[in-house]
Structures are given as C-alpha cells and as structure tokens.
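The structure appears right after this line, and notes come after that.
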Amino acid sequence: KFIRVTSLRNHKVTAPQIRAHINSSQSLSSRQISTSTVQRRCDGVMYILMSHDLLHPGVVFPYQHPRGRYQLSFMEAKQACEEQDSTLATPEQLIQAWKEGLDCCNAGWLADGTVRFPINQPRVTCGGPNLLPGVRSYGSKDKKRLYDGFCFSSALKGKVYSFQPKGKMNQTEAQQACQSDGAQIATVGQLYAAWWLAGLNGCKAGWLADGSVRRLITLPSRKCGSSKPGIRSLGFPPPERKYGVYCYKLDD
C-alpha cells in the first residue's frame, strides 16, 4: 500500500506496511524505527530513497557521474553534490537512512572521506545472500580513487514544479522555459527534497540541471513505469530528446 507523503509530522507507517515494502522483517525488528520507512533501491540508474532525522530533515540520495558508476574522486563527489544544491552526506546521515530502509549496492564517498554503502536486502548481486544487513565501510580511501557519492539535501527555500507550457522540450528549450517563468531548472537535490519534504506529486519525466531526466512517481502505475513510489532516473539522454522539465523558483 502506498502512503502519500504530506509532511514530516504526519507521515507514519505501521509494521505491516513496512514489511510490505521491505522483505526482511527480522532485520527491521532488530532496530528502532522512529519515523516512516519505505523501500529504497539503487540499481543502475534507478533508485528510490528517502531519509530524514528529527533534527535535520532531509534526503540522502546516491549520485553518479553522467559517464556511469564509479567515476568520482572525493573532491569531484563533493562538487557534484554541491552542484545539486546538496552536501556530501555524513556517516550519521547514511546510517539513519539505512535504518529507514536505504539499500544501495554502489559504494559512495561520504563527507569524512570514507567510502560506504548501505545494504538492507542481501542478494547474490551484492555480496551474496548471506551478507548481513548493515552499512558496509571500505574505510578511508585515497581521495583520488573513484566511486559514486552519497548526497544530502535539506529543506528548500523555494518550490519545485513540473512545467510543460507548450509540449515536450529539448534540454535547451527546457532551460529557457524555466527562465521565462521566472525560475531556474531544478537540481537533483531540489527534486528529491521537494518530493520527500514538500510532498510534490507527479508522474512526469523532466529535465534537470545536470542534464539528467528523472521521473517522479507518487502513485505507482503501469503508466509511470514503476511498481514503487520514488524518483526514477532515465539517465543522461541526448540533449535533443524531448521531455518536460522541473523548475525551481525561490520563495518571495
């Protein structure tokens, strides 16, 4: 059952609903879950994840270079997160996200220079089915080594909205459309924050500032192309391809 996100305070999920999303009731019962839990995956360019804690509400999400998996040094990962209006996540933020169900088999840089990845659902393709759930750490690595990054995006200072004034647009037209509406094209971090913290609805694929196209899925359906709510990445298509766009406008 899908639980619509309306706010941090009133979004609650019961144990049966948690088990419906995460097929590991034993691992869930072994730790405290103080807020909502929804299944998160990180499979190639498709991932669904959300995280927050009570003091610093926000979203933890994995980020890859347009060339694909494991293309970012520490400084490049840090810069990539900043370009998404985010910061590199801390170990504490990643652990909190794991407690809420974050499951991602791609190792990523964190703010302290360590490389880690969170596993909630052990499987053959990620360390074997006998691997216990947890946040796996490679420890501190040479900062020139290449991995992905885990970013953290917190509260927005504006609003994100889907925009398609005259039909689908190529990348340049999408940027111009946002500008003509007194806005700018949204970043990945802003889209995640708007979806999780502000309850943004939708089922449209749209251009983002980094050149990627992502589909926000609020109510899973065949039309949306997913059986689970979340944000699905369609990768970095050629700039002449046509989609909608997600714009970001600062509050007055």
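Cβ atoms are placed via backbone N, Cα and C, with glycine included.
Summarising the environment of Cys105 (disulfide bond), the number of other Cβ atoms within 10 Å of its Cβ, over all protein chains shown, is 18. The DSSP secondary structure for Cys105 (disulfide bond) is coil. Per TrEMBL, the feature disulfide bond maps to Cys105-Cys126 (among others).
All protein chains shown were included, and the count of other CB atoms within 10 Å of the CB of Cys247 (disulfide bond) stands at 26. Under DSSP, Cys247 (disulfide bond) is assigned to a strand (E or B) in the three-state scheme. According to TrEMBL, the feature disulfide bond maps to Cys178-Cys247 (among others).
According to TrEMBL, the disulfide bond annotation covers Cys203-Cys224 (among others). In this structure, Cys203 (disulfide bond) belongs to neither helix nor strand by DSSP; it is coil. Cβ neighbours of Cys203 (disulfide bond) (same chain, under 8 Å, six or more residues apart in sequence): Arg215, Leu216, Ile217, Thr218, Leu219, Ser221, Lys223, Cys224.
Feature annotation from TrEMBL assigns domain 'Link' to 59-153 (among others).
Under the heading domain 'Link', TrEMBL lists 158-249 (among others).
A distance of 30 Å separates the Cα atom of Cys105 (disulfide bond) from that of Cys247 (disulfide bond).
Counting in whole angstrom, Cys247 (disulfide bond) lies 36 from Cys126 (disulfide bond) by their C-alpha atoms. Its own atom aside, the Cβ of Cys126 (disulfide bond) has 18 Cβ atoms within 10 angstroms in the protein chains shown.
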